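Novice: Could you have a look at this structure, given as structure tokens, before my questions?
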Amino acid sequence: MSQFWLYFRLGLEHVLDWQAYDHILFLIVLVAAYTFSSWKRILWLVTLFTIGHTLALFLSVYEIVKVDAAWVELLIPVTIIIAALYNIVTASKKERNKNHNPLYFTTVFFGLIHGLGFSSYFKMVASNTESKFLPLLEFALGIETAQVIVVIAVIIFGFIAQNIFSVSKRDWILVTSALVIGIILPILQENFQAI
């Protein structure tokens, strides 16, 4: 297997791994409020999350930034809860705030946190490579591809719920976000106790 496919697959599996489903939960709440007609905004959000994720990996792998893993593991579920709460608070609004810059900035920041959470594993996997730059880019491409798969699935589920089962957009956002909070709260509690 070529190096490209090795790191691409690692990025793909990082997102799609059911044992580490926090990434999927974040993507669910990130795009639950959107439909296919918002594809440009969705693509921006997912790409910005990947940029933050990849930047954190670069900073960590090249030892520019060192962060205690326990704090990162605590912050990951916090970012998911914040995104879900944002959905709940804004679910009833006809049109979300037209200024999306705070949402974009927050998405990059959350990507940084999630990237730091994976950096120790990536360092271990890429420890035998002389240059880490290309493997990081290949890994990021795998992440972006997997995120697009997850996002498309979420949008399809939202479409089915809203158009076939006549669930209102507001209810879809509220239920989806509340379910994610319910799943992530025990992880937050466990990570909090580990500190």
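Each residue, glycine too, has its Cβ placed from N, Cα and C.
As listed in TrEMBL for this protein:
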- 20-36: transmembrane segment (TRANSMEM)
- 43-64: transmembrane segment (TRANSMEM)
- 70-89: transmembrane segment (TRANSMEM)
- 101-119: transmembrane segment (TRANSMEM)
- 139-160: transmembrane segment (TRANSMEM)
- 172-189: transmembrane segment (TRANSMEM)
Novice: Output the single range from 20-36, 43-64, 101-119, 139-160, 172-189 maximising the number of Cβ pairs under 8 Å to the transmembrane segment (70-89).
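Specialist: That would be 172-189.
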Novice: State the non-local partners of the transmembrane segment (101-119) in its own chain: residues 6+ outside its ends, Cβ under 8 Å from one of its Cβ atoms.
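Specialist: Residues packing against the transmembrane segment (101-119) from afar: 14, 22-23, 26, 30, 44-45, 48-57, 60-61, 65, 67, 69, 72-73, 75-76, 79, 82-83.
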